[in-house]
Amino acid sequence: MKEKRENPMKGILGFAGDKKKELMSARILSFLSVLAGFIPYICIAILLNGILEKRMEHGRVILLLAAAWSGYLIKTLLFSKATMMSHRAAYQIMKNIRMRLMDKLAKMPMGEIQKKTAGEIKHLIIDDVEQLEYPLAHAIPEQMGYTLLPVLVIVFLITIDFRLALASLASSVLGTLAYSGIMLGHGEMMKRYMEANATMNGTIVEYINGMEVIKAFNQGDSSFKKFHTAVVNVKDMTLKWYRRCWPYMSLGQAIMPSCIAFVLPVGILLLRNSSVTQGELITSIVLALGIVGALQKRMEFREHEAVFYELQPKIAAALEEVELETTRETTGDFIKEAVKVYDIEFKKVSFAYDKQEVLHDISLKIPQGTSTALIGPSGSGKSTLAKLLNRFWDVTEGEIRIGGRNLKSFSMKELTDMVSYVSQDTFLFGRSIMDNIRIGKPDATDQEVMRAARLAQCEEFIQRFPDGYRTNAADAGKRLSGGERQRIVLARAILKDAPIVILDEATAFVDPENEDKIQDAIVVVTKNKTLITIAHRLSTVMFLDQLILLEKGNIAARGSHEELLDTSDTYRRMWEAHLTSTAWSLGGGAQND
Ligand SMILES: Nc1ncnc2c1ncn2[C@@H]1O[C@H](COP(=O)(O)OP(=O)(O)OP(=O)(O)O)[C@@H](O)[C@H]1O
């Protein structure tokens, strides 16, 4: 990885795959096309010399004109071939980088992904990678030709007269110096521009995702203001950058093509004192004019190369970051044998989000096939504890073992196969309901999917749709109740049939009929499994094997419902509060007032 940072080109070329040779060929063809493009200038120089010296025969003129046209044609053909090849390679590289980033993203612990906004991730994978197109397809393949050509011409001019060579160089040198002003503080400006862009991306994604809440709470103005600020910020940044660059740009654009203004006076002086012939002067002027375009291109590329050198480490760092995450999953005491017993053990586990420790020295055993509820006040650490088991996050201290094996020794795939995490988040993909359920077991047959749907009590509402299981879940999603969506998520878990089930019990209100159906589906999902449920309502967990009462990240009490009633004041209070609220809701509230 370090090597990639030192040599960005090498790192990027690593993604070219079988198009690496094509990129190399594109560079060679592009170089040859620049050389061919110079043929017309040489022909014109010879032609003008011949005309001046009045020794140009008809046949020679035609030959020179034909050579000039051929040079131009060859240049065009070679250039279009090189461009086609470089684009093929560039898009292959971009595709491979995007696929790799996506692949790494899929393997990263969820918690790490959630540290970034959706907009930031989209910006990296789509926009940043897109910016590689110009450097890869143009600047990098073409720069060799546009650099070497002026060098060759200058060498040739030196053979005529070094003063003419210097004069023809003057406009290029001064123009380059003027353009170089653009690069002053370029790195910092580029960084700030990219940050502003990433913020704008993050804000727009957040704005769209949160549209429902924004409308419900009439927050349109303030949310829009945040988005507006981000957009204005990008505009201001771009204009500021442009204002800073344009004097140098205008100066460069004015000076660069004006080589005739330097060559002509110097040439005339040299002609007067017979240092050069008329023919040499004309040749120098024509050749000097011929390299102006190449030098201008070279300057244009410099800016894009800067973008490339700015972006490459960012992309490499993102890949490196995820690289660390994925290698981490296979480090530790990696044992190949499959686990046969799914006993879970937390050994002196502490966990901190950044610096804030939220779980302290937790030791806990959950034997295979038993049911455990995590209970406690809001913010006591129930979800965090459950998520550690899914490697949503990694423990800060201590270790978690399944079947005696450290959690970190499992690959993400092994872990995902072992643990079903049924969260309250009922996200449905924009695919058919059938495919949405099949996510639980990608190779499941339609019959298996339908069986799971039946067991999760989904069938009756799926059949309401004319297209049944083929209905697009995103469209149907708008017509599905929260309870129905939860049942689809449970159908996924039934299909997956993992030995360990973590259930984040829904707190959202569902009507009694839906609630009964959800409970029935939960019974199927958790049958003969090791169940860990994050419980918000005590009535649903009082019959479970063990209840773990968490308070401020510590285990305050553990045992069965009856044991906790005897031993824990907090649990007794929670139970009484639960009974009161149940009686209150059953009695309609008013009687208890
Ligand atoms: N992603 C996060 N980054 C930083 N702190 C977090 C994060 N998620 C949770 N916390 C904090 O960790 C502590 C435990 O949160 P957790 O969600 O585990 O509690 P909980 O018992 O599940 O709460 P609830 O019943 O409200 O869902 C809280 O103080 C919470 O603010």
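Just so it is clear, glycine is given a Cβ too, placed from its N, Cα and C backbone atoms.
If you check TrEMBL, you get these features:
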TRANSMEM  28-52  transmembrane segment
DOMAIN    28-296  domain 'ABC transmembrane type-1'
TRANSMEM  58-78  transmembrane segment
TRANSMEM  144-160  transmembrane segment
TRANSMEM  166-185  transmembrane segment
TRANSMEM  245-270  transmembrane segment
TRANSMEM  276-295  transmembrane segment
DOMAIN    344-577  domain 'ABC transporter'
Worksheet item: Looking at 144-160, 245-270, 276-295, which one has the highest count of Cβ pairs under 8 angstroms to the transmembrane segment (28-52)?
Response: 276-295
Worksheet item: Hey, which bits of the same chain come close to the transmembrane segment (166-185), Cβ under 8 Å, at least six residues off its ends?
Response: 150, 153-154, 157, 244-245, 247-249, 251-252, 255-259, 261-263, 265-267, 284, 287-288, 291-292, 295, 299, 302-303, 306
Worksheet item: Looking only at residues six or more beyond either end of the transmembrane segment (245-270), which have a C-beta under 8 A from one in the stretch?
Response: 161, 163-164, 166-168, 170-172, 174-176, 178-182, 184, 276, 281, 284-285, 288-289, 291-292, 295-296, 299
Worksheet entry | Within-chain partners of the transmembrane segment (58-78) [C-beta distance under 8 Å, separation at least 6 from its ends] | 29-30, 32-34, 36-40, 42-44, 46-47, 50
Worksheet item: To what whole number does the mean pLDDT across the domain 'ABC transporter' (344-577) round?
Response: 86
